[in-house]
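Enquirer: Provided herewith is a single structure, encoded as structure tokens, for subsequent inquiry.
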Amino acid sequence: MTFEALGLNPSIIKALTEAGYTSPTPVQEKAIPAAISGQDLLVSSQTGSGKTAAFMLPSLHQLADLPPAPQAARTPNQERQASRARGERPRYQPAQPKMLVLTPTRELALQVTTATDKYGAYMRRVRVVSILGGMPYPKQMQLLSRNPEILVATPGRLIDHMESGKIDFSQLQILVLDEADRMLDMGFIDDIEKIVAATPATRQTMLFSATLDGVVGNMAKRITNNPLTIQIASSSTRHENIMQRVHFVDDLSHKNRLLDHLLRDTSIDQAVIFTATKRDADTIADRLNIAGFAAAALHGDMHQGARNRTLNSLRRGQVRMLVATDVAARGIDVPGITHVFNYDLPKFAEDYVHRIGRTGRAGRNGVAISLVNHAEGMQVKRIERFTKQTIPVDVVEGFEPKKSAAPRSPRKPGGWRPGDGRSNNGPRYGAGNREGGGHREGGFGGNREGGHREGGFGGNREGGYNREGRSFGGAKPGNGPRREGGGGGGYKGNGGGFRADGPRRSYGDR
């Protein structure tokens, strides 16, 4: 199957050929013809399967066939200048996009915008802009004044412009919800319902999600009309091209020393290290820089400019180790990422799939390693049930765990008893306030899982791997490295300790 056989506009085919696209992926092969015909779509497909092109290529094809809009006597800028000359207050005409793409994060929105510019490189009269949180309002007003045909946005910031009358969806023809499951996980369901209600009932709706059941399925039924359901059971669903393994650790010091050792593997080109909290991302990025790695943090407390610079440095290869939170890393597509490390296990099994999907992109091979405390065995089991795969346990010589996972005893009648440390929802593991909820005591430098931390980031280590007198787990006095944007944007540091009582955590990363 070729892209020409799908019936796409010749200008799109030319752009795809120039970009090196040879044949459509399974999701593109099934979705593009149906989307060109105007049918609503419900697509279950994992990251890395080519879903951005699956909805953007047919949409560009439809927009290319639209008759050109009548040319106004004056441009919007000329109208404003004329109003000022008459002593009148300039009136901003609301933007009337033909297509809207909703994404859960800024990074994914920028990725969709970049891909659209590439696919539509030879198309006239098709402009795409992204409206995101963290971008200055005057800049967004300038973009909206161009009346773009395609609008890519995150729900929160889009609602702001809708309520201020800067966007009018009366002419909208195509609505796309990308990673709808993630948007619902982040609590955007009310915003999505409000946005959908502002669009014409005659629109074409395409919803893309990792799963189509539960809340996502219920919402899909409300916002689509006789949709075609496409479920892609490809190798990317099971990530068969990614070698996954688990390393059990005894405590925080053991985890830090093992990570330091693993990151020195010469087969690593670039890696993403996932943490549960923003503070941990900053701390680990700082310590990696001290240990000699080119590292940077990426999380929601960084302003958009710093996040963009960090991602650009990652794409250029200036950053080799990206320490990120779940939400901030959504949409990262860098071919050079060969390894993913789960410093903390994700709260949801679905997030594990999205995490390891940062490597092994476009059919390449990758490695995903999870550093797991023995008490987190049930979380590993949940991930294995969700992915329908058994994740092998690996042991590195010299870093063998001294403890073993406690056997699970059958649940006794009568439920839990006060003081046994359990709740009806099961145990909660980890450190700090995690994104999306979950409290844990201690954290970096504190007591974790009831045990005392020895060594670690700022303490004494035993048996650590030294590099020029320092390693990832070692400490160096002095002030912490200065970061741009308040969140680990720098790549070089000169030390800095950490609080022994554990960092203060923050909730959310939107």
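Yeah, the Cβs are placed from backbone N, Cα and C, and that goes for glycine too.
Residues or ranges marked as motif 'Q motif' in TrEMBL: 1-29. For 1-29, the entry in TrEMBL reads domain 'DEAD-box RNA helicase Q'. The domain 'Helicase ATP-binding' annotation in TrEMBL covers 32-230. Here TrEMBL flags 66-94, 397-510 as region 'Disordered'. Annotation comment: TrEMBL describes 81-91, 501-510 as compositional bias 'Basic and acidic residues'. Per TrEMBL, the feature domain 'Helicase C-terminal' maps to 258-404. Per TrEMBL, the feature compositional bias 'Gly residues' maps to 486-499.
I'd like these features described in context: how deep, what's nearby, how far apart.
Expert: Note on the motif 'Q motif' (1-29): residues 36, 43, 45, 49-51, 53-54, 57-58, 60-61, 64-65, 118-123, 230, 232, 234 of its chain, located 6 or more positions outside it, place their CB under 8 angstroms from a CB of the stretch.
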Enquirer: Give the mean pLDDT for the motif 'Q motif' (1-29) on the 0 to 100 scale.
Expert: 90
Enquirer: Within the domain 'DEAD-box RNA helicase Q' (1-29), count helix residues (DSSP H, G, I), strand residues (E, B) and coil residues, in that order.
Expert: 17 helix, 0 strand, 12 coil
